[in-house]
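Quick notes on the structure that follows.
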Amino acid sequence: MASPRLETFCCPNRDAATDFVVTFQPVLFGTLTLASAVLSLLFSILQLLPKRKGYRRLGQYPLPRPASSSRILLIISVCDMLGCAGIIFRSSVWLGLPNIIDSISAANSTAVWPEVYCVGSSMWIQLFFSASFWWTFFYAVDVFLVVKTSAGISTIILYHMITWGLALLLCTEGVAMLYYPSISDCEQGLQHAIPHYITTYAPMLLVFVANPIFFNRTTAAVTSLLKGRQGIYTENERRLANEIKIRFFKIMLVFVICWVPNIINESLLFYLEMQADINDSSFRDVRNTALITWFIMGILNPMQAFLNTLAFHGWTGFDVDLSPRRSRELAWESVSTSVPNTSHNPLVGATLLYQSHVQEAKKTSLGNGHHHSDTVSILSEGSESSTVEIHISSELRGYEDVDADEESLENSVKH
């Protein structure tokens, strides 16, 4: 799991609160975190593999190339999965080589590999989960900027520079201050460890505070845009705005479920650290709650990888198709995969896509007043990587023609 207590545990002269939770039932805790990380990693990979079911009719028509929002969501999933891989490695060594753990706790130990394992695995986990937090934040920022202002200031390259730069900087700085002057003789005191905890939890708290604001304002902007297109707010527009709200709600729900236990646990442990004797009977309830949230963290933190794929794409099923042709046709979808397929609509009724090329806002209608394709494109002018395109599909004319040709062919065969 992702907790600054794992880095603190690498110090032989660690504080009493850290030693209390990390050394409580380590075998049971390691088994739970290992099982959770393995399941989350496997199901995440399954979710992202191309599928046969549900893509047959969509594959008949040209699809846009993978776009910026799809890349961001995919990067979030990759960061989560790499974090799970770090948890799997750490828990496996913890369970399989208990002597290494004993060496970490030895104050005068000269062994190098236990320290390398402890610090390296902890930093790996923190780095990729921290990067996942930053990418989640910039996903909300980019959606808001593109929809609200159509400003061409957001590019995928800029996001990479900021996200990985901040993640590496904060992770390195926090660990360097924690292990000063050396890992075998860490400076003691709560004030010394606070910078490390701030660098760990700052991006997480940023997502908790900022993302709901950006998501709410984005939804309001989309609703206003849809109302302004024709001066009316039809059922299609209402359904589209609803799908966007549900998408943002699912993303935040997963984040809250997976990471709120960390904040609760850290608050309780900080409270215990400030006490003269954490084993005092008056703190029994606090200790029990800290242990409960510690085990909850060990299970829920790795599960973010799988739960995020559910929030991004819905359940994609087990019908995996690894053929090269199928891989070329696969479209990384942002919203449409989470919307149930309907027989009357070959494309999903509400799709939020980032295109990798600049488009112009357009609206297509027939002379008789029947809208066969109504598309609202909100651009990021001057940007080659940021465009939100919202599709409202009723009966698409071109697809109706294909369906009519298929029906005519079937009738001719029957007769």
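Placement of Cβ uses the backbone N, Cα and C atoms for every residue, glycine included.
Taken verbatim from TrEMBL:
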type	residues	note
TRANSMEM	27-49	transmembrane segment
TRANSMEM	70-89	transmembrane segment
TRANSMEM	123-145	transmembrane segment
TRANSMEM	157-180	transmembrane segment
TRANSMEM	200-226	transmembrane segment
TRANSMEM	247-272	transmembrane segment
TRANSMEM	292-318	transmembrane segment
REGION	363-382	region 'Disordered'
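Remark: the transmembrane segment (292-318) contacts the transmembrane segment (27-49), by the rule of 3 or more CB pairs under 8 A. For the transmembrane segment (200-226), the neighbouring stretch richest in Cβ pairs under 8 Å, chosen from 27-49, 123-145, 247-272, is 123-145. Scored on C-beta pairs under 8 angstroms, the neighbour of the transmembrane segment (123-145) with the top count among 27-49, 70-89, 247-272 is 70-89.
Sequence-distant contacts of the transmembrane segment (27-49) (same chain, at least 6 residues past either end, Cβ-Cβ under 8 Å): 1, 74, 77, 80-81, 84-85, 87-88, 91-92, 94-95, 294-295, 298-310, 313, 315-316, 318, 320, 322.
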